[in-house]
Amino acid sequence: MEIKYRPEELTKLPRSVEYREGKVYMINQRLLPREFKVEEFTTVEAVAEAIKNMTVRGAPAIGAAAAFGLALYAETSKAKTKDEFFDGFYRAYETLKNTRPTAVNLFWALNRIKKLVEEHREDSLDEIKRLIVEEAQKIADEDVEANLRMGHYGAEVLPEGNILTHCNAGSLATVHLGTVGAVVRVMHKEGTLKLLWLDETRPVLQGARLSAWEYSYDGLNVKLIADNAAAFVMQQGKVDAIIVGADRIVANGDFANKIGTYMLAVLAKEHGIPFFTVAPLSSIDMSLSSGKEIPIEERSPEEVLTCGGCRIAPDVPVYNPAFDVTPHKYLTGIITDRGVVWPPFKRNLKKLFETL
């Protein structure tokens, strides 16, 4: 597969997560679209809180943010001995690990650095610190390259026409470009994307606040709809394919993504519309056999009871799962950075990982 475009040809946005000179920099996604602000983080605790409160969100983005949190610890640690350094490292690791439970990239990135540290325990302290920072940067850079490949793979298999997406799996949800974001940007560049339908994505409105902002910023033709309008738009024949991100894909092809994804998958099947998820290999968890095993985060009732800081409902009990699980039977294909995986997913995902 030929890479035709570089990131700077596809988006004007900067990276959503960066690390420079002992500081983590992240676009504050809670402020968008009212204000674009890159904030600076100087402690592991501050990075962890940013992941928890969704200043940074999106599975690949929080994976990179967590990795940079460990880099930040390494560069700012005042430990005099290796034992002292390792004690602090494992505390930082646990602090970051305990932020959000569903997105597997978080654990993948943290465990990758932890494994590296344990393999180099006998090296000098300075060398261990250097390796941590270098590995965190590699994780971020690899994410951008993976997105670029997914963008090209996805553009090859999606039909020309109108695409519907849910939540935000764009540049803001990754280090740069996005998963879905890379696909629709390559399609836009090649003239095959006619219209990008955006679900508003209640209760936090990532589709309305973030996707609408970033895709219109890059000049894509977008149209925003209420979540409960999706079925009618499909019924009218105005959707040619649906593409969504994934926070965790398991061995049989079931996947967790933003709440409301499962609903779209069922509707797509009813209306005969191709339904794809797109995610890097770091989002695939082969240790789980089915989606029933994925831990689902529940968030504050306030996200449902309020909108933009204004109360919109009486003080009643709320059930607020942040994600749902889509069974693999609804999937047309899984677009990864190593190509498109087609059914049967259990066999073909296993085969994909055996070739790595």
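Glycine too: its Cβ is placed from the backbone N, Cα and C atoms.
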| query | Need a hand: Swiss-Prot gives R57, G58, A59, Q206, N257, K258 for substrate, which of R20, R34, R91, R100 is also on that list? | reply | R100
| Cα separation, C167 (site 'Transition state stabilizer') to G58 (substrate binding site) (Å, whole number) | 10
| message | I'd like to know which of the binding-site residues R57, A59, R100, Q206, N257, K258 sit within 10 A of C167 (site 'Transition state stabilizer') at the Cα level. | response | Q206, N257, K258
| request: Between the Cα atoms of N257 (substrate binding site) and D247 (active site, proton donor), find the distance and write it as a whole number of Å. | output: 5
| message | Looking at the binding-site residues listed here (R57, A59, R100, Q206, K258), whose Cα lies nearest to that of D247 (active site, proton donor)? | response | A59
